[in-house]
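Right, one structure below, let's go through it.
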Amino acid sequence: MATLARTRAEHESRLGEQKQRAERAKSLIVLISSHLQQLGYSASADALAAESGVSTYQYEVADNIELLQVLQEYEEYYEMRFARRPRLVRKLGKYSEDVAGPAGALPKIGGRGSSRRASAVAAPSDEPDDGRGGGRRGRTRGEAVGKENAGAGPTRKDAAAEGGKGGGATDASGLAVSGVAHGKAAGAAVEEDPWENRVRKAGLPPTMAANAELRELAGWLQRDMIQRNPNVRWDDIAELGGVKRVLKESLVMPLRYPEYFTGLLKPWKGVLVYGPPGTGKTLLAKAVATECNTTFFNISASSIVSKWRGDSEKLVRVLFELARHYSPSTIFIDEIDALMGSRGDGEHEGSRRMKTELLVQMDGLLSSSEQVFLLAATNLPWELDMALLRRLEKRVYVPFPTATAREWMIRRLLPPERLQSSKNVQVIAERTEGYSGSDITLVCKEAAMRPLRRLLANIDDHPNPHGPPPQPGPITTDDIEAALNAVRPSVSGLVQRYADWEGEFGSE
């Protein structure tokens, strides 16, 4: 009797497991069908319902349940447990283009030739396995899928060619579908933008992945990671050869020729660029983000200062741990004087703790071999804490532009066809001594606005709705004079103080 009862219990347990698997499979089909409907793949959803016998007219997704949400929660759980993102799909070598193509390249479910495709995919290869876990078998499968897709519908290359003629197609989720790079013929190799592949190593450091509080702080700091290319090149910045040399020695050359930067010659880990406002310090940081193949953190005071006790120190620590995790990386702190002013007796305890943590983390950078670089900028270098200056190995002055640099900037801002006389460029360059780069930009903008103002003043009196819109005239010498009188230098009286500080603390 005991044996019979045990057998019956095992049988009922197996039936329960089978029923649970069937319910889970049915729920998955309903979720997939609902997801296809949301993306606009109605024909695919209908084919799935016809083949599986599970229709959305019989079942619907429960409240607050969505396939993407389930997948996201699984990824978060996997990352928290194993400290890395799960790998959900695998490319099939060079045939991944056909497999990962747009909806038009996918074979129809249940259509003609589906059984032939299934048999072709499942057919074993006649050639022996190479011992690497199905490498030859994977190629056979890719060949079968690729051949059938060639006959079943338009391929990815065809779709890309059509998209090049009439614009890219967009699916219901708002994602553009394109097969090859813009302006290239079908079948040409796709040149990947290095900026798109620069970031991001999946997941978080293990210490953060297992801690909910640190994960939240890391998510806050990840918003300050540069996601778009600033598109500023070294050649877009006039002169400043010394600053460019230091930045290249710190970032570009160590990544290209690491064998030279060892021991005593290890690259600079901290650089301070200082000078009057508008002289190009932030522009240099944008050039670093563009030219150097590193993860770029654009940090300001609001990024790491919190009103909650202890959070500022945690944010600083998490910032440097993220930078090490994403190395090679660059941390750019603009207006660092707002964070690291000189410490005094009347300073708040929270501010002192945050500064201490920042100094400790910078010490860790100097003593480690990790490729993490700190770039700081300030207009008030004399207000910085002395302990910070020791950790910033290079302190480089960014001066006002010279006459040659001013003329170069003006020629780029005001092309010759906009000027009535080419001598106006030299006039502006000579009369803008002591102007910063942003001041010169304002002078050129004000001069260019003068012809437009004259045009706007007369355009209502002489309307021409059917003809081409009238164009403003050239910039005259009077416009240049008026612009120089209207725009005055924004910084004055500090040149000598910058020179004195450079003589005492500068390190170019």
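For all residues, glycine too, the Cβ spot is worked out from N, Cα and C.
Any TrEMBL annotation is an automated prediction that lacks curation.
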Statement: Checking 1-20, 181-200, 261-280, 401-420 against TrEMBL, the stretch recorded as region 'Disordered' is 1-20
Field: Reduced DSSP assignment, Thr282 (ATP binding site)
entry: helix
Message: So if I draw a 10 Å sphere around the Cβ of Lys281 (ATP binding site), how many other Cβ atoms end up inside it?
response: 25
- request: According to DSSP, folded down to helix, strand and coil, what is Pro276 (ATP binding site)?
  value: coil
- prompt: Counting across all protein chains shown, how many other Cβ atoms sit within 10 Å of the Cβ of Pro276 (ATP binding site)?
  reply: 23
Among Thr279, Thr282, the one of these binding-site residues whose Cβ has the fewest neighbouring Cβ atoms within 10 Å: Thr282
Task: Take the domain 'AAA+ ATPase' (267-402) and average the pLDDT across it for me.
output: 88
